[in-house]
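Only one structure is covered here, and it is reproduced in the block below.
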Amino acid sequence: MAETFAFNADIQQLMSLIINTFYSNKEVFLRELISNASDALDKIRYESITDPEKIEAQPNFYIKIIPDKTNSTITIEDSGIGMTKNELINNLGTIAKSGTKAFMEAMAAGGDISMIGQFGEVDEEKEKEEKKKKTKKVKEVSHEWEQLNKNKPLWMRKSEDVTNEEYSSFYKSLSNDWEDHLAVKHFSVEGQLEFRALLFVPRRAPFDLFESKKKRNNIKLYVRRVFLMDDCDELMPEWMNMVKGVVDSEDLPLNISRETLQQNKILRVIKKNLVKKCLEMFAEIAEKKDDYKKFYEQFGKCLKLGVHEDSTNRTKIAELLRFSTSKSGDELISLKEYVDRMKEGQNDIYYITGESITQVSSSPFLENLRKKGLEVLYMVDPVDEYCVQQLKEFDGKKLKSTTKEGLDIEDEDEKKKLEELKAEFEPLTKLMKEVLGDKVEKVMVSGRMADSPCVLTTSEYGWSANMERIMKAQAMRDNSMTSYMVSKKTMEVNPKHSIMSELKKKASADKSDKTVKDLIWLLFDTSLLTSGFNLDEPTQFAGRIHRMIKLGLSIDDDDDALADDDPWICSGLFLIRRCWFCCCLLLFVVHLLFLCCALSNYKDLPPLEEVEGAADEASKMEEVDSAATCL
């Protein structure tokens, strides 16, 4: 037969556990006492509505903290409601008995009064002593009190009742910032969930905004006006770490120590509303062009991280992005502005990534796009690479990288001509692929260039040259991932360029010509540089450049080989070259002197006359022969 037993408890041990293990910090006791004092004030304030005499003796509500260094004590004193002897026994003598909870349950009207204390202690009411005749002693004691909570809870007031000066003062005390805030959002949410919030956007980003080890204490969480924590990671997304403010909820359930939350469902609802209101605040800033320019300079990276991380609000965040373009000059434009001024028939949003505006603006990838009048977004922030990985389209227009395969900007006539040129340059492209080997995936004729002979592109789903550079710079990168994502490059050649035309002729004449191979490698290396990649073999690149210089100076490589074998040969070759030059110069001078002499003798020749007879003609011929001998 089942038996029922009541739980027994070692009260001494239980109290020791409550005192030593419930709270993570010993200083929490002060918060508990102040919370209970606040509840006592709320009680007397509520009762004074029906019985005003209760506050006649002390109409001012206060909580005093009195430290006594001499006696090593700290006293919490309030002007709230007291407790009778029975209440002391029932509430303080019974574990987990809450006078506040009983008071709240006893209120028939259920007024707008919120009390947080459910476990704590309150000051004992002093029992009245019997009246006895005593000698009256008069003491004059003066106390100077300092108000600790000078900042009023502005979030409890209506936004229209708060001045800009009050917002500014509250923000500075909250954030320890010396500047005024850039924007503020003051709102309350009512319904199944009730909370109030006061959010600020600072004017400038702190230097450690993206420091991963920094404690996030931007949003202070209150529960019924009692501070709970300032490092709640689930309250705001990481990309909104620039927003500062206060959130006060009436519905958050707490654990017994009132230091942590018991559930996360309500937090998720609060977080969703906070993100929504922050996006509204950013959109309001964007309406003021000068203010938004300052905001974007400081927190543009945060918005781009938001596009990468927040899939729910990605479209709204994308509307806040700003970029330089090939037509905007120094002005930043939004994606909506780009779409509004797209050319007729343009279906994609074109962009290019790189290290700087100077680099990307002179990129060979933009040559044909410029000639066709197509605008290109300049994405020169390293975060842009992560941003566009998630932002595939905007307003129904796909984002297309100009540095990757699949760029289609030719019309039908241009495509037909390109097909003819592909057949004409097929032998050259095959030879280039044979020479370059596994350095490239393929070599093909392309129409994306106008003034450059060739470029290197990557696959549509692989890393761009800029992303490859960023990932290689990561100290803790995963090399296996790097080798997987670094796709092989495609070499695209411009068939209309004179270099490619002459190289085609030279390759057709002799495929095994060493000069042709050197030229192909030089084109590959220069394409690496102009396309934004780094040279993997700079020494070999320098060697090919040196061979081209020797070719231009008519220096034979065999002479250099002999010179490397024997320094005497090197000296001999040097002397021979110098002597040969001197001999050529001497012969030239001698030849010049002979020429001058011949001209002088030519002037002294007698004029030709009509010859009468064979004898006279023979004598004239002898004179000419003698002149010829002199010459």
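Here the Cβ of each residue, glycine as well, is placed from N, Cα and C on the backbone.
Database features (TrEMBL):
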- E32, N36, D78, M83, N91, K97, S98, G99, R258: ATP binding site (BINDING)
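Structural mapping of features recorded in TrEMBL.
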| residue | record | DSSP class |
| --- | --- | --- |
| E32 | ATP binding site | helix |
| D78 | ATP binding site | strand |
| N91 | ATP binding site | helix |
